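J.: According to TrEMBL, the protein has these features:
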type	residues	note
ACT_SITE	182	active site, proton donor
ACT_SITE	315	active site
ACT_SITE	448	active site, proton donor
ACT_SITE	529	active site
BINDING	616	Ca(2+) binding site
DISULFID	388-435	disulfide bond
TRANSMEM	39-56	transmembrane segment
Ligand code: DMJ
């Protein structure tokens, strides 16, 4: 696949409202000064100069910080001030009442699940039932995905019961097909994290090793890329019946943190080599533009022409490039190279600004074939909620691969970052602002998918057209007549009164990968990606703004997703009040969304970012120095 991509058009950046306000204040100040006498002005200038000299001698950083801000680097400090802008380590204390509220939400969820469905993979809180991913029985998805959150929150009684279930009842002897990626990030990742946080309880390492050994046959393919499914009892990799011969890029590139840590713990290099080989294949398959299509051929080990996006099927490929580099303490430069290459490609081709307010978002590229088979790429202004992981990831990456020194200030200063580090930091801050804006809905929760306005959408003739972004299908009656082209295509499925809205409008606590059998759909419940980025950005800046946003999201979840009978549920339309619930509590609600919310309000000494890397399901794994010599470059 070598088709050239459309290059991103440069657009004028809208002036920041904050800058305009600052300019106004400055002007008013000048007018006031103009009314003073000449002597007074001279004296004032002298006093000011003396104060400047004294202050500079006392603390020169006052001036370097001011300069950083003056040249625009700190333009993101729109809310309250960061805790400090000097040197690490910076200590951020816990907000105990808010943290306790998150713990109460976890208990409300867990106790309902435990009463109705203990041990089942999934939980349906309205019908008070559990279900399993295969007819051969489950493998404790919800229990294993949640147990490290209990350890973190200090829920001893709940933890003890969950541990007993894992020790006594968890079995992988299931003659059914499980999704390789989901089983790895949720179950293997959960076991490994519990092993570390329990200070080495062998029950978790034994189970993790058994599970990994059952998964390993997925790598027995012509290319070495893993099959998307695994029959755990038979130990056989299974192809995807819906997408014959294909596997998602995110799925093959989001197994590495888990298998590498297991290799480190056990000394078994095979785990490491298999997942590293997948990365080697991906590196060799690099497309000229440096982006990843969402599907690869399992036989060929090459990309196949398919959408390019940072949402479903693409997202965690980019996430794990950075995290593999972090996991081994920066000892594998190949991953920082791949990560920087990918972030440059993202900036060149996918990062966009909305037309009215200049909101930063990432678009998708959709391949289209003409009659002669020629492929061209259509830039589509659609962003999955999943993409919101990228905001925090870019900010974290800027302070690591984009840092000029081992550690940077909190928040980082302009001069501490490389040019690409400054670029990534800025985009991360702006993208997070966009993700927070997408919570501006009737419920205060963000939808699964938003579309951004573009000049060619033909909506400008209508005064009721949304300014920057909209949710396809969220409103029941579309207020203006649809005509042609893009507009028609994207609004045609607005729901009629009484109809079920499309999945774009949902809040799923956050992704319905349908694990059962070989389906893998794109529908997506309360979603972790924005709170994940809020947690990272708070740790990296100390800015109270991020905690405030996290608290607002949490309160919206409490209001709209909490069921008084126990548990929390997905809502089907974030722009509709009163809400309609779907009978599903996603496992990542307890493993990811509530964990990141807890950490957002906890003391920064808990799981510090220079000691831990979080897998894509929010299972913390320790950073280590590898003993394996890889030679992968
Ligand atoms: C999680 O299962 C993981 O974060 C995955 O990589 C994508 N997002 C879902 C939850 O939204």
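Cβ atoms here come from the backbone N, Cα and C positions, even for glycine.
I'd like these features described in context: how deep, what's nearby, how far apart.
T.: Neighbours of residue 182 (active site, proton donor), defined as other CB atoms within 10 A of its CB across all chains, total 22.
Sequence-distant neighbours of residue 315 (active site) (same chain, 6+ apart, CB under 8 A from its CB) are 250, 384, 386, 387, 389, 390.
In the three-state DSSP scheme, residue 448 (active site, proton donor) falls into the coil class.
The secondary structure of residue 529 (active site), as reduced to three states from DSSP, is helical.
In the three-state DSSP assignment, the secondary structure recorded for residue 616 (Ca(2+) binding site) is coil. Remark: residue 616 (Ca(2+) binding site) has 185, 189, 254, 316, 319, 320, 389 as non-local neighbours, by Cβ distance under 8 Å and separation of at least 6 in sequence.
Around residue 388 (disulfide bond), the C-beta neighbours below 8 angstroms that are at least 6 residues distant in the chain are 431, 432, 435, 446, 527, 529, 530, 532, 533. In the three-state DSSP scheme, residue 388 (disulfide bond) is classed as helix.
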J.: Please give me the CB contact count at 10 A for residue 529 (active site), counting all chains in the structure.
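T.: Counting Cβ neighbours of residue 529 (active site) within 10 Å gives 28.
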J.: Residue 448 (active site, proton donor) has how many other Cβ neighbours within 10 Å of its own Cβ?
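T.: Around the Cβ of residue 448 (active site, proton donor), 27 other Cβ atoms lie within 10 Å.
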J.: Just to be sure I understand the contacts, which recorded positions have a Cβ under 6 angstroms from any atom of ligand 1? Candidates are 388, 435, 616.
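T.: With ligand 1 as the reference and 6 Å as the Cβ limit, the list reads 616.
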